[in-house]
Amino acid sequence: MLTFMASDSEEEVCDERTSLMSAESPTPRSCQEGRQGPEDGENTAQWRSQENEEDGEEDPDRYICSGVPGRPPGLEEELTLKYGAKHVIMLFVPVTLCMIVVVATIKSVRFYTEKNGQLIYTPFTEDTPSVGQRLLNSVLNTLIMISVIVAMTIFLVVLYKYRCYKFIHGWLIMSSLMLLFLFTYIYLGEVLKTYNVAMDYPTLLLTVWNFGAVGMVCIHWKGPLVLQQAYLIMISALMALVFIKYLPEWSAWVILGAISVYDLVAVLCPKGPLRMLVETAQERNEPIFPALIYSSAMVWTVGMAKLDPSSQGALQLPYDPEMEEDSYDSFGEPSYPEVFEPPLTGYPGEELEEEEERGVKLGLGDFIFYSVLVGKAAATGSGDWNTTLACFVAILIGLCLTLLLLAVFKKALPALPISITFGLIFYFSTDNLVRPFMDTLASHQLYI
């Protein structure tokens, strides 16, 4: 699931701060009228609105009063997209790093390519000579795996709906403990064994303890954003390596296709579990748990719903009649005034931080399944580098298209369908067409 966090409106109301101009330039007529009484201000705003509608012209002073001097709405939208491009690039880096960690481990550590067991969620074996039986077993494994994922997602949404925050935090903490301590211990032991590096157990345990303790603090409490992002990338890579090792080959490809379809349904359907989770978080003005989401930037809590200021002690921007005609977004839904946290110190007239730090949020599940696809391409079959690089490029192309759609629709979108579809197409076409062609050229010593 991919979400773009940006305020619905960057315009400010006409007050002492936003209408400050140099003493040499005269104050615009609309700003002077804006300082009149409430009734006069409403009548003036209505008269100006009707006049603009009849003449079909825009008053440039209006943008000065709204905190956007001489900037038309089209330019504002253009600047918004340019500003978000930085965070789009910032999202490519962690996805690339996660896939690089997985591919490097698959190519060097033999432990994750040895098939000596299966997950409990995939009980049907694929060690059968019959193609039909193997395909049937892979479909049955996929049905069981997707059913478990759906059940766990619905269970999480129900817990969040009924505010069982302590249970959810305990659940996430136990998962993080297992990944940061147990899986890290196994991973580090296999890496040291592969590269023939000797290390005594006290040093190994101390290293794992320091790594896991710092990760728990950064993810579930406080820590530098870069360090938190690094731990989330490492957690995703460790989970992807577990799936690569214990998922049967055919079942893995069928599961990747099925999980992309489920992601599409869960995010876009009105009663989809992931969509309900995001909408509930927006209604309550609460951030989604950081252990489930990767954020490309630090995002401060800004109200996204119409809340009662007296109930939470928040400061709401005053109502401006001039913004009545702009109070609906492109989809016909009302854009409510944003609610900001009051300052810790100072007076009511002190400046507030009204600019929200924008960022793109990507679920850790997307990191995991991207890495599973690339890791399986590197581990199964021929393990050709052309196939691995083709899957890598396909995932980035799909992610880029998803981010483009995100900038257009400005709502939560599934991040798996396009990338996984491109990845599967590139994998099978490269493995069955490009690789044999390259092998034939190499055998005849022909170079293009």
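Glycine is treated like the rest: Cβ placed from N, Cα and C.
Keep in mind that this is a model prediction, so the values were computed, not measured.
Swiss-Prot annotations:
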REGION    1-70  region 'Disordered'
TOPO_DOM  1-87  topological domain 'Cytoplasmic'
COMPBIAS  19-30  compositional bias 'Polar residues'
TRANSMEM  88-108  transmembrane segment
TRANSMEM  139-159  transmembrane segment
TOPO_DOM  160-166  topological domain 'Cytoplasmic'
TRANSMEM  167-187  transmembrane segment
TRANSMEM  201-221  transmembrane segment
TRANSMEM  224-244  transmembrane segment
TRANSMEM  250-270  transmembrane segment
ACT_SITE  ASP263  active site
TOPO_DOM  271-361  topological domain 'Cytoplasmic'
TRANSMEM  362-382  transmembrane segment
ACT_SITE  ASP366  active site
TRANSMEM  389-409  transmembrane segment
TOPO_DOM  410-413  topological domain 'Cytoplasmic'
INTRAMEM  414-434  intramembrane segment
TOPO_DOM  435-448  topological domain 'Cytoplasmic'
### Task
Determine the Cβ neighbour count for ASP263 (active site): the number of other Cβ atoms within 10 Å of its Cβ.
25
### Query
Relative to the transmembrane segment (139-159), which of 88-108, 167-187, 224-244, 250-270, 362-382 accounts for the most Cβ pairs at distances under 8 Å?
250-270
## Note on the structure
All chains considered, the count of other Cβ atoms within 10 Å of the Cβ of ASP366 (active site) is 24
### Query
Using DSSP, how many residues of the topological domain 'Cytoplasmic' (160-166) fall into helix, strand and coil, respectively?
4 helix, 0 strand, 3 coil
#### Entry: Cβ-Cβ under 8 Å with the topological domain 'Cytoplasmic' (160-166): same-chain residues at least 6 beyond its ends
276-277, 280-281
### Message
Is it true that the transmembrane segment (362-382) and the transmembrane segment (167-187) have 3 or more CB pairs under 8 Å, sequence gap of 6 or more?
### Response
no
### Query
Most CB pairs under 8 Å with the transmembrane segment (88-108): which of 167-187, 201-221, 224-244?
224-244
#### Entry: Chain residues in Cβ proximity to the transmembrane segment (167-187) (below 8 Å; excluding those fewer than six residues from its ends, i.e. six or more beyond)
105, 156, 159-160, 204, 208-209, 211-212, 215-216, 219-220, 231, 235, 238-239, 241-242, 289, 291-292
### Message
Tell me the Cα distance separating ASP366 (active site) from ASP263 (active site), rounded to the nearest angstrom.
### Response
10
### Counts by DSSP class (helix H/G/I, strand E/B, coil) across the topological domain 'Cytoplasmic' (435-448)
9 helix, 0 strand, 5 coil
### Task
Run through the topological domain 'Cytoplasmic' (410-413) and tell me, per DSSP, how many residues are helix, strand and coil.
0 helix, 1 strand, 3 coil
